[in-house]
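Q: Just lifted these from Swiss-Prot, have a look:
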type: BINDING; residues: Ala9, Met10, Ser11, Gly12, Gly13, Val14, Asp15, Ser16, Met35, Gly123; note: ATP binding site
type: DISULFID; residues: Cys99-Cys195; note: disulfide bond
type: ACT_SITE; residues: Cys99; note: active site, nucleophile
type: SITE; residues: His124; note: site 'Interaction with tRNA'
type: ACT_SITE; residues: Cys195; note: active site, cysteine persulfide intermediate
type: SITE; residues: Gln340; note: site 'Interaction with tRNA'
Amino acid sequence: MNTPRIIVAMSGGVDSSVAAWRLNSQREAIAGLFMRNWTDDGNGQCHAEEDRRDAVAVCGILGIAFHFRDFSHEYWQEVFTHFLAEYANGRTPNPDVLCNREIKFKHFLETARELGADRIATGHYARIEHYRQRWHLLRGADRSKDQSYFLHQLGQEQLAATLFPIGDLEKQQLRQLAHQTGLPTHAKKDSTGICFIGERNFREFLKQYLPAQPGEIRDPQEQRIAEHPGVFYFTLGQRQGLNIGGVRNRPPSPWYVIGKDLATNVLYVDQHRDSPFLQSRWLRSEPAHWVSGSPPAHTFTCTAQTRYRQADEPCKVTVRNDGSLDVDFTRTQWAVTPGQSLVLYDGNECLGGAVIATTDAPLERKRARNLSKTENVLQ
């Protein structure tokens, strides 16, 4: 068998199946590789073995070689430990961004080269174009499925060695193609959420690694409302899981998380989704990553997303001396959350992004002041 020039990341889902089929139909020399990034705990929550069987079946139908690699150790060291540390520090991380940077476009790419390939392909909904002497990361044609948000940490070296064969397709088109070509994954449900959590209750999963520290739930006026099982388990804007029943002299309206103070172990809530405590017009990020290798300018305007699938928000970006960003939004933003990703766009092009460090929301300023006083519970 000839040495493959392209290794396709086979997840066992319909997206990677069609990606492999399209390349194969173009007579590219390809092979498939299934990555195991998490060691199953025996509860079958990740469906990893089922996904592996589906990947094997698709490779068999296409007549291409199948490879398997276990990256669970790398995932634990480079993604999961960071995930836990962020929650322990009161932030809400985005492990998919790290997984792409550290696993799929680092270890997987290295493995593909060891197998003799010079490029990799994945089933991401994004596009890559080369013009003006550099590679550009663009949104996928299907905006409802676009995954450039999770790919903003990629750089020129990775883009030069990567193909996104389904980036020009709508999801409905893709499923039709899969059905017409007889791929066994054509009707398979899309995976959602974080694989290592699967279908389990998020709080129960996190308790295995971060011990519960119950404390008070208070309103903005410091009035005690109820008790919480641990501030780690909640994020800004969260409504579900608070277990706040009827509160005396309060209307029967839903409660929303508006902040958390690790120093006092207090979770703050309010009954208004548009609470001023959830509003911000400014944020500061950690040092940014730029797809091109450098920012467009010291100060520039663009659009931003502070969460996946958020509508584009106009903003002004100032690059600080340490590489971090000050971002001023044209409109007030809701529940901008430290630890999440700020991703910047110029039209359909993803410029890059950074982890959100802090905002000008009232309780977030308090959290930032107290964070340095709090010991890391993982130590």
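Cβ coordinates come from backbone N, Cα and C, glycine included.
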Q: Tell me the Cβ contacts of Met35 (ATP binding site) under 8 Å, same chain only and six or more apart in sequence, or just say none.
A: Ala9, Arg69, Asp70, Phe71, Ile103, Lys104, Phe108
Q: Write down the Cα-Cα distance for Gln340 (site 'Interaction with tRNA') and Asp15 (ATP binding site), rounded and given in Å.
A: 25
Q: Need one number for the ATP-binding residues Ala9, Met10, Ser11, Gly12, Gly13, Val14, Asp15, Ser16, Met35, Gly123: the maximum pairwise CA distance in Å, whole number please.
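A: Across Ala9, Met10, Ser11, Gly12, Gly13, Val14, Asp15, Ser16, Met35, Gly123, the widest Cα separation comes out at 16 Å.
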Q: How many whole Å apart are the CA atoms of Cys99 (disulfide bond) and His124 (site 'Interaction with tRNA')?
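A: On Cα coordinates alone, these residues lie 13 Å apart.
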Q: Which residues of the same chain, at least 6 positions away in sequence, have a Cβ lying under 8 Å from the Cβ of Gly13 (ATP binding site)?
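A: Spatial neighbours, sequence-distant, of Gly13 (ATP binding site): Asp51, Asp54, Gly123, Thr185, Lys188, Asp190, Ser191.
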Q: Within a 10 Å radius around the Cβ, which one of these recorded positions has the most neighbouring Cβ atoms: Ser11, His124?
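A: Of the recorded positions Ser11, His124, the highest Cβ count within 10 Å belongs to His124.
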Q: Look up Asp15 (ATP binding site) in the DSSP assignment and reduce it to helix, strand or coil.
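A: Once the DSSP labels are grouped into three classes, Asp15 (ATP binding site) ends up as helix.
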Q: Neighbour count, 10 Å Cβ-Cβ cut-off, for Gln340 (site 'Interaction with tRNA'): what number do you get?
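A: The answer is 22 other Cβ atoms.
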